[in-house]
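S.K.: The domain 'Fe2OG dioxygenase' annotation in TrEMBL covers 179-286.
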Amino acid sequence: MSQTITPELRQWITEQVTAGHGPEAVLKSMTASGWQEDVALQALEQTLEKFLADRGIDPEAIYERGTAALYDKPVPAPLLHGEPNVIDLGDAQVQVVFSLEQPRVVVLANVLSHQECDELMALAATRLERSLTVKTDTGTSEVNAARTSDGMFFQRGEFPLCDRIERRIARLLNWPVENGEGLQVLRYRPGAEYKPHYDYFDPAQPGTPTILKRGGQRVGTLVMYLNTPEAGGATTFPDVKLSVNPVKGSAVFFSYALPHPSTQTLHGGAPVLAGEKWVATKWLREGRFE
Ligand SMILES: O=C(O)CCC(=O)C(=O)O
Ligand SMILES: [Fe+2]
C-alpha cells in the first residue's frame, strides 16, 4: 500500500525540527510509527528543503555547522565545506582529523604546540584546586563528586600565551574572542574523571537566568589536550558511542545550537587509568562574555 505525504505530516516534521530534533531522530520516529522509510525520507527532505529556503539558509551551511544550521542560529565552527585537511591559522597549521555532523564533533590536531602545552600547564599548576561545577539551582559553584579533577581558570588574555591561544581559537572557530570564557585548565590524576554532562546551562534550573546575563548560553566547547596520558582519559560522547583519545596538542570541538539533549552533546572525561591527564577547555558563549 502506498503512503502519501500529507500537509499534516509536513507540519509535524517542521514542529519536530524546530523543537530541536535532528533529521535522523525525526526519521526514526516516523519509521517507528509506521511510515515506510522511503516515503519518510522523501517527506523529510522536502520539508527540510522548504524549511531552509523559507529562512534563507544555505543548505551548504549544514556541512559546516551540522544540523545546527537548521535552527538558524549561528554557532562556532571551523570552515570545513571545502574539505580542507589542514587549516592554516598563520601561527598554527591545524589538521582536521575527524568530523561528525550530528552531534557536531570535530577532532583537530596541532592546535597547540608542545611548548605551548608545557607553558600552559606550568602557568596553571600553582593555581589548581579541586574542581567546582556551577550549581544551576542557585548560580553558585560547588564541589561535585561527578568531577574529580583539579582545575583553575585564567582570565581572558591574562597572559600573552592565553591571548595568543584565544585569538587562534577565534580564527579556527570563526567566533569572536569576546564571546569566549577564560581558559579553564583541568588536571586528572589516576582514577579521576568527569562524568557525562552537557556544557550548556539547563534552562529549567532557577539559577540559569543569572548565569546567562553574562554572555548568554554556551554554544560550543573546545577541549585541548595538554599531554598524552599513559592510559585512559578519553573524551566520550555516550549518545553516539564515540571516544576521542587525548593526544598532546590535539583538541576536540563540539557545538550545540540549543540547550537541549537532542544535540547529543552529552560528553565526559573517562577515568584516567595511568599517568595524568591535562586539558584546557574553551567555552564559547552566544554573546559577549565581559
Ligand atoms: O576532560 C575531558 O575530556 C572533558 C572535559 C569537559 O567536559 C569540560 O571541560 O567541560
Ligand atoms: Fe564538558
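Each Cβ is built from the backbone N, Cα and C atoms, and glycine gets one as well.
Values in this document were obtained by computation on a predicted structure and should not be read as measured data.
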S.K.: With DSSP helix as H/G/I and strand as E/B, how many residues of the domain 'Fe2OG dioxygenase' (179-286) fall in helix, strand and coil?
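M.R.: Output for the domain 'Fe2OG dioxygenase' (179-286) reads 12 helix, 46 strand, 50 coil.
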S.K.: Which value does the mean pLDDT take for the domain 'Fe2OG dioxygenase' (179-286) in this predicted structure?
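M.R.: When the pLDDT values over the domain 'Fe2OG dioxygenase' (179-286) are averaged, the result is 95.
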